[in-house]
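What TrEMBL records for this protein:
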| type | residues | note |
| --- | --- | --- |
| BINDING | His313, His317, Glu336 | Zn(2+) binding site |
| ACT_SITE | Glu314 | active site, proton acceptor |
| ACT_SITE | Tyr401 | active site, proton donor |
| DOMAIN | 481-625 | domain 'Peptidase M1 leukotriene A4 hydrolase/aminopeptidase C-terminal' |
Amino acid sequence: MFSALIMTPVSDPSSFSTVSKCATKHLNLIYHVDFDKRVLKGKVALTLEVLEDKFSSLVQFSSASAKLSLFLISLLRVPVYCHQSPFLISLQPHSMCTCEDLWVECRFLEILSFPGFLQSWFSIYEQTTLHLKLLYIFFVCLFFIYSNCFCLQQATHCRSMIPCQDSPSVKHTYYAQVSVPKELVALMSALHDGQVPDPSDSSRVIYRFRQPVPMPSYLIAIVVGAVESREIGPRSRVWSEKENVDEAAFEFSETETMLKTAESLAGPYVWGQYDLLVMPPSFPYGGMENPCLTFVTPTVLAGDKSLAGVIAHEISHSWTGNLVTNRNWEHFWLNEGHTVYIERMIARCMESEHLRQFKGIGGWKELQESVNQFGANNVLTNLVPNLHEVDTDEAFSSVPYEKGFALLYHLEELLGGPEVFMGFVKSYIQLFAYGTVTTEEWKNYLFTYFKDKVDILNKVDWNAWMHTPGMAPVKPKYDTTMADACTALCQRWVKAKEEDLASFTEEDVKKLNSPQLIEFMALLLQEEPLPLSHVKKMQEVYQLNSVKNAEVRFRWLRICVRAHWEEAVPLALKMATEQGRMKFTRPLFKEVYNFSKYSDKALNTFKENRGALHPVTAMLVAKDLKING
């Protein structure tokens, strides 16, 4: 649609695919899921457009499969020579011309031959609430270019499922047929296109899906499991295991309001259906923005809708990330920074500007934590990092989210306020819709849109924002109306002496809403550890051990372990292992590990539970705990 504008060649350091030679336009997928044998049989036919005249040497795809039979049928019906990962398709002695189409058919034989985390997909059912069979495959947020949701593992793991051009620069439609046992349900990041009995096996059913909107391979997702659904809006259902589905329907009942609010900000929702799937506890991210089917962590089921803001973020990705996509993962901030910006604009519209400002304050703290973790001079804290020879799983952090948002908020302040700058964001989305974009192209359009304010834009230190490690060069001046009460209560505890502890009562926290309680805890974590007597008093008056909200409980347990409250250690390790969200699991293990008396307990607990964690989570926790191998 905007190919002349958006397809400037940019190499992709995270992919083997030679995207400058040819581009996938459509995938036709056939899957056969066999839980008993732990086998995934499949076939994919790829329709590709030739982009290079006299194209005759090879087409390069990425694949993690060592057992692959490959067939190529082009207009010339030429022979194919297949190598392993990455594998090459030789068209010699024939050649093809620009705009000719290739049709590549790949049959992948068995999933057990696939390396790494792919094997774990067939053991995932052991990590569900009731040990039901559930296969979930996400090639998206498993790869936050930093290492994520998304992190950016999402970036390249699709190649573990499908031989493909696993670069976000390549967008394509797809059609899929999935054969599963008839007692199970199949879902994909696409529109449901009916189901029929499997003609080859009366105990199975074939689900059909179509995705008519071009999207990158990292957004292909498939789920097979014993799940049920409830309608939560005219274009939305929530899917979950039976025991959680009603709670999830209540928690996400405002989904349609969020969708309409997002449309008023960013333009029409083009994906048709917007469903939600509550994942097994081992799901490592807060959410994953698959088109038509958002994955969401069960840790947001707080019983009071207080954590439903996660959905606003994933909804926002329908425009920034899914509709307009970063060309490669070095420009990941274009996906996440804009998504956080729209997410907080939704909060502004549905709640208040004070809440948007308050969320910005919390985001700045998250950015500071990531910079502290990586080190202020680490290039992975650049807004636009160099990812050559970098494991994107290990690069994940809040930097693209919160440093990206800080830049956009700074520009908003310079250029006329939220209404004015949201006008630019909407125009940017309309211009680059269905395509991909780089930071330079985004910046060029920013200067074009605000052509009457170029003098202001020229004063921005773009190198400091984009290519310099550490914190953002300008700290936003947020309104502190909602934060002041949190800061005041935090300082009361920090400054309190033993004789002052009697002054604290349960009324202190009753005055705070859930976001403020989370912020109060976050502020305490930025201070020196509280004395054990203070922490015990806090539990006595606030009863924090009984709080269901995972964001509160996670921070509370860290505060307790830092204070060396030994009774909190088993509670912290329990939370670290009964769910697998990296945001919670990694810091909890690290806190216990840093409590020297319980370092071995942390190591042993991790080793005992490693198999129940998602492989990316397990890999990063092992690194945190200094475990080799």
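Counting starts with 1 at the first residue shown.
Glycine residues also receive a Cβ, built from the backbone N, Cα and C atoms like all the rest.
Note: TrEMBL annotation is automatic and uncurated.
Note: the Cα of His313 (Zn(2+) binding site) and the Cα of Tyr401 (active site, proton donor) are spaced 11 Å from each other. Considering only the recorded positions Glu314, His317, Glu336, the residue whose Cα is spatially closest to the Cα of the residue listed as 'active site, proton donor' is Glu336. Sequence-distant neighbours of His317 (Zn(2+) binding site) (same chain, 6+ apart, CB under 8 A from its CB) are Glu289, Asn335, Thr339.
The recorded positions in question are Glu314, Glu336, and the one with the fewest Cβ neighbours inside 10 Å is Glu314. Most other Cβ atoms within 10 A: among the recorded positions His313, Tyr401, that distinction falls to Tyr401.
If you take the Cα of Glu336 (Zn(2+) binding site) and the Cα of the residue listed as 'active site, proton acceptor', they are about 10 angstrom apart, rounded to a whole number.
Take the mean position of the Cβ atoms of His313, His317, Glu336, the recorded Zn(2+) site; other residues of that chain with a Cβ within 8 Å of it are Glu289, Glu314, Ser316, Thr320, Gly321, Asn335, Thr339, Val340, Glu343, Tyr401. Model confidence over the domain 'Peptidase M1 leukotriene A4 hydrolase/aminopeptidase C-terminal' (481-625) stands at 96, taken as the mean pLDDT rounded to a whole number. Secondary structure of the domain 'Peptidase M1 leukotriene A4 hydrolase/aminopeptidase C-terminal' (481-625), assigned with DSSP and counted as helix (H, G, I), strand (E, B) and coil, comes to 116 helix, 0 strand, 29 coil.
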